[in-house]
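Colleague: Let me begin by handing over the structure; questions about it come next.
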Amino acid sequence: MKTTIVLILLTHWVYSQNPTSGNNTATLCLGHHAVANGTLVKTITDDQIEVTNATELVQSISIGKICNNSYRVLDGRNCTLIDAMLGDPHCDVFQYENWDLFIERSSAFSNCYPYDIPDYASLRSIVASSGTLEFTAEGFTWTGVTQNGRSGACKRGSADSFFSRLNWLTKSGNSYPTLNVTMPNNNNFDKLYIWGIHHPSSNNEQTKLYIQESGRVTVSTKRSQQTIIPNIGSRPWVRGQSGRISIYWTIVKPGDILMINSNGNLVAPRGYFKLRTGKSSVMRSDAPIDTCVSECITPNGSIPNDKPFQNVNKVTYGKCPKYIRQNTLKLATGMRNVPEKQIRGIFGAIAGFIENGWEGMVDGWYGFRYQNSEGTGQAGDLKSTQAAIDQINGKLNRVIERTNEKFHQIEKEFSEVEGRIQDLEKYVEDTKIDLWSYNAELLVALENQHTIDLTDAEMNKLFEKTRRQLRENAEDMGGGCFRIYHKCDNACIGSIRNGTYDHYIYRDEALNNRFQIKGVELKSGYKDWILWISFAISCFLICVVLLGFIMWACQKGNIRCNICI
């Protein structure tokens, strides 16, 4: 019985000598922030990797209206820019107007003599970029002809009229002499002259208006010459007319001379438009114009320019994000996300960053969880958190700076004759968009890779910093945790966090506890052996005592044992 008691006491001593079962050790784990539901982003090495935070880089919707602040937006209402320039009677309100962006509506219509412009897109672009319809009348002398031709197709009020910026010349009496007129440009700016030629619907109309069976118009400068012959013939009726007017334009540089020669069918200029160089433009849109502020306008409406990319519309005006084909591109602004597990670590209550992240951290991206004689706790590490944030902050602004530029991208128009040019332009434009789309995806993937790498690096830096502080006073348990072999209260844990921990103070205690643990059982598993040996010896002694009792009882006659063969 004495032996049994000794073995039981030995077993109790084994447990009592375990430093971790009392107040002599502590556990410290390092970890990082995690969220229950992260955001998937793309990196160079992964198509989908989860991060705690990400920012959308693609603006995919407009505000549904065009803002009239930041730019002078002129609503064309029922008028196109060209009709306003020519002086269509119902567009007289736009004479001498200025704009940054002229908005053409789908409801716009012409309400004068039917016309066509062979190079419509170029003229529209030139007038739009000038940003004004400032017009100066000049004293052209037209001798021997009748000026100010009118048409019932072009009403100004109830009276027959014509384009206010053009002078329709017809016969005077029974003659239409050859006209030769010159107009020098003695100014220091370019002048834009608008002129035209009338195509009668029949030979009878031709001779009735111009006497000659076929007229001719030649307009020249030192740099160019255009000769146009009317195409006589019936066309579809428009506003009661089967004839047409073709509109042409000529730019006269400073020091150059405009020369006009004609023997019939001339629609003459009344003066010039002063050309200005600028970033004004024209856009087709049915979005309403409202009082708001935006630096980027699309036909769909204004859009914010706080993102580097947009896929609202290829046509833009102002300081706008680049158009790309992707609907979404997310920039990682947080670390790799590893959602917290329900069962955490070999110590139950805490586990390190290698096993999983920690949800609910509000005071930092990186931090400590600990278990000591005072209980358990958690605290963030502001220094490593700030180091990571400083590197991530500004990423979005840098991407915007690389992609945003003040420019305008107008829609391209080509006549049917220029179909091949149109196809080529569309191919070039599509290629540019494809290239930007690829570059955008690559740029974001590189930035995301850098973000994840640097946040991982900050976690490793914090771990190495802690390991160097603890030295031989603690053991790396793996998984981002340390077992501290001395009593470490909350003040001690705080010194580890703020970098003031002095391992020399605790060195002797830590070494002593470490040797006890190593020598007895914790590290080598001797506890299990001692327990099994103690159990086996106890069972053996119980059997011996029981057998001895039986033999003693037999000798005294208290127990009789009969053996039968």
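Note: Cβ is positioned from N, Cα and C throughout, glycine not excepted.
Okay, so Swiss-Prot annotates it like this:
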- 17-529: topological domain 'Extracellular' (TOPO_DOM)
- N23: N-linked glycosylation site (CARBOHYD)
- N37: N-linked glycosylation site (CARBOHYD)
- N53: N-linked glycosylation site (CARBOHYD)
- C67-C292: disulfide bond (DISULFID)
- N68: N-linked glycosylation site (CARBOHYD)
- N78: N-linked glycosylation site (CARBOHYD)
- C79-C91: disulfide bond (DISULFID)
- C112-C154: disulfide bond (DISULFID)
- N180: N-linked glycosylation site (CARBOHYD)
- C296-C320: disulfide bond (DISULFID)
- N300: N-linked glycosylation site (CARBOHYD)
- C488-C492: disulfide bond (DISULFID)
- N498: N-linked glycosylation site (CARBOHYD)
- 530-550: transmembrane segment (TRANSMEM)
- 551-565: topological domain 'Cytoplasmic' (TOPO_DOM)
- C554: S-palmitoyl cysteine (LIPID)
- C561: S-palmitoyl cysteine (LIPID)
- C564: S-palmitoyl cysteine (LIPID)
Colleague: How many Å lie between the Cα of N300 (N-linked glycosylation site) and the Cα of N498 (N-linked glycosylation site)?
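Modeller: Answer for this pair: 55 Å between alpha carbons.
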Colleague: Spatially, which candidate from the recorded positions N53, C112, N180, C488, N498 is nearest to N68 (N-linked glycosylation site), comparing Cα atoms?
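Modeller: Nearest by Cα distance to N68 (N-linked glycosylation site): C112.
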Colleague: Within a 10 Å radius of its Cβ, which of these glycosylation sites (N37, N68, N78, N180, N498) has the fewest neighbouring Cβ atoms?
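Modeller: The glycosylation sites N37, N68, N78, N180, N498 were compared, and N37 has the fewest Cβ atoms within 10 Å.
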Colleague: List the Cα distance (Å, whole number) between C292 (disulfide bond) and C320 (disulfide bond).
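Modeller: Given the Cα positions, C292 (disulfide bond) is 16 Å from C320 (disulfide bond).
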Colleague: In whole Å, how far is C112 (disulfide bond) from N180 (N-linked glycosylation site) when you measure between their Cα atoms?
Modeller: 28
Colleague: Specify the nearest of the recorded positions N53, C67, N78, C79, C154 to C320 (disulfide bond), where nearness means the distance between Cα atoms.
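Modeller: Nearest candidate: C67.
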Colleague: Measuring CA to CA, name the entry from the recorded positions N37, C67, C79, C91, C492 that ends up nearest C154 (disulfide bond).
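Modeller: Ranked by Cα distance from C154 (disulfide bond), first place goes to C91.
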Colleague: For C488 (disulfide bond), which residues of its chain lie six or more apart in sequence with Cβ-Cβ distance below 8 Å?
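Modeller: Listed in sequence order, they are T25, A26, L28, Y370, N372, I496, Y506.
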